[in-house]
Amino acid sequence: MAMIDEPLYPIAVLIDELKNEDIQLRLNSIRRLSTIARALGEERTRKELIPFLSENNDDEDEVLLAMAEELGVFIPYVGGVEHAHVLLPPLETLCTVEETCVRDKAVESLCRIGAQMKENDIVDWFIPVVKRLAAGEWFAARVSSCGLFHIAYPSASDQLKTELRTIYGQLCQDDMPMVRRAAASNLGKFAATVEQSHLKTEIMSIFDDLTQDDQDSVRLLAVEGCAALGKLLEPQDCVAHILPVIVNFSQDKSWRVRYMVANQLYELCEAVGPEPTRADLVPAYVRLLRDNEAEVRIAAAGKVTKFCRILSPQLAIQHILPCVKELSSDSSQHVRSALASVIMGMAPVLGKDATIEQLLPIFLSLLKDEFPDVRLNIISKLDQVNQVIGIDLLSQSLLPAIVELAEDRHWRVRLAIIEYIPLLASQLGVGFFDDKLGALCMQWLEDKVFSIRDAAANNLKRLAEEFGPEWAMQHIIPQVLEKINNPHYLYRMTILQAISLLAPVMGAEITCQKLLPVVINSSKDRVPNIKFNVAKVLQSLVPILDQSVVEKTVKPCLVELSEDPDVDVRYYANQALQACDQMMVSS
């Protein structure tokens, strides 16, 4: 009897759990659908589980979302591709739910299933689903249908294709703006499956209607369609149909549409080609850079380098640079920040002379901007300018500003400068570095912010690697070791960290002679945090030092620390002693 009842058990439990008041139980059972389907077998999954899920009218969106997701990968559990159509009814129901994320997931799952179905199954089962949803009374069904046409269309007969194009055209003129928005956002995908002859006629007339829609939310989605359709059309058709639309959109009364154009402009330029870009889109772009809405200027400013790459340097200097100068003193800090993040990339495009004459003053003004993000964005891209104008000019013009930023009141700006120092050092060379930046690197070891002290210690290691141990022995080690007597224990900890980072670069001899005595001496510190950091540092030095030094100097110190009254000090000292013993055994 138990054997007969067993297959019924999973579905009975599932039904109970799906009707349970506790949402977590319902969610768990949905997420276990694949396990339950395996237990039931393919046939019973098709005949019992899927029909039950079709009738399940749970009102919790979270449960429905999980179900839509699970059904998308359910083809193996219903017997493979030839039975995939049984999954369509529950997903069709989910496509009519009010909650957007449930519908979107159901559409995604339907597309995944449709992409695997055989052609005749798509005609028999999938296309009827699309048509039913497109004719649904409730707007949610019509919205969902828009995302399915690109899967249904390629497998349809000529007659069905005509019908599908007509239905899509009707959806683009639906009374509900949400339906028109869905049609506009999916137009590119649908157009990619339509034959070239119908593309120029029917699809372009649908597109024209959408570009003149009275709702700005529909028009801004049509902007995305410009780029998608532009890639499908021949260049001459693109110039004839798409270019005028882009130019009009760049002057649209809604700032959201203009923002969308500014954001997509580079892709739109690629679609129409270089000549029309120079003739028609440069004036449009200049208008966007001078737009009265800050959001539009932000989007346009962020694309300035990409756009200049399409143009000749002369055109960029003539038309774009005056706008860039205006934007560098824009009233919105976010516009200046967006500009600062890309403006360095203009240097290679404009060449050396134009960079020195035109761009350097803009860089300097942005480096002195009151808003830290603007300064940060400039600092992090300095190497792009260095490649163009050379280090002498860079050091004369920008270095005073960098030194000023090294003491900036915002710690993130100081951090960005520190992280840039090794790159700057390698470009400036050792002599210049010692004169201008050496003192700064030491100063950061005693910063109030831990992240700065941490970065400063790492910075010293990278400088020692760049300039070599001999230079480090002369310029870094003495100053670092002096600071071990700082009255504040946090600064003494930073020095210990710096020693552990520098030791592998400096080698065994210098570590043994100069660094190790300082660490051993610190083990007598009165602060437990220093003592357990001494244990950690000694553990990191063991692989570098000779065995005799470890035996005579390191281990006695660790043994002493392992008997410390503080529990943490004892713990780390014992860890380090174990590491010493393992090293001895392995060697």
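Every residue gets a Cβ built from N, Cα and C, even glycine.
Remember, TrEMBL labels are computer predictions, not curated facts.
A quick note: this is a predicted structure, and the numbers were derived from the prediction, not measured.
Quick look at what TrEMBL annotates:
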type	residues	note
REPEAT	10-48	repeat 'HEAT'
REPEAT	164-202	repeat 'HEAT'
REPEAT	203-241	repeat 'HEAT'
REPEAT	242-280	repeat 'HEAT'
REPEAT	281-319	repeat 'HEAT'
REPEAT	320-358	repeat 'HEAT'
REPEAT	359-397	repeat 'HEAT'
REPEAT	398-436	repeat 'HEAT'
REPEAT	437-475	repeat 'HEAT'
REPEAT	476-514	repeat 'HEAT'
REPEAT	515-553	repeat 'HEAT'
REPEAT	554-587	repeat 'HEAT'
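In the repeat 'HEAT' (476-514), the DSSP tally of helix, strand and coil residues is 34 helix, 0 strand, 5 coil. Same-chain neighbours of the repeat 'HEAT' (242-280): 207-208, 211, 216-217, 219-220, 222-224, 226-227, 229-231, 233, 235, 287-288, 291, 293, 295-296, 299-300, 303, 306-307, 310-312, 315, counting only residues six or more beyond its ends whose CB sits under 8 Å from a CB of the stretch. Long-range neighbours of the repeat 'HEAT' (554-587) within the same chain, counting only residues 6 or more positions beyond its ends whose Cβ lies under 8 Å from a Cβ of the stretch, are 516, 520, 523, 528, 531-532, 534-536, 538-539, 541-543, 545, 547. Counting only same-chain residues 6+ beyond the ends of the repeat 'HEAT' (10-48), those with a CB under 8 A from a CB of the stretch are 56, 58, 60, 62-63, 66-67, 70-71, 73-74, 77-79, 83, 86. Here the repeat 'HEAT' (398-436) returns a mean pLDDT of 74 for the predicted model. Broken down with DSSP, the repeat 'HEAT' (242-280) shows 33 helix, 0 strand, 6 coil. Listed by sequence, the residues of this chain that lie at least six past the ends of the repeat 'HEAT' (476-514) yet keep a Cβ under 8 A from its Cβ atoms are 441-442, 445-446, 450, 453-454, 456-458, 460-461, 463-465, 469, 521-522, 525, 527, 529-530, 533-534, 536-537, 540-541, 544-546, 549.
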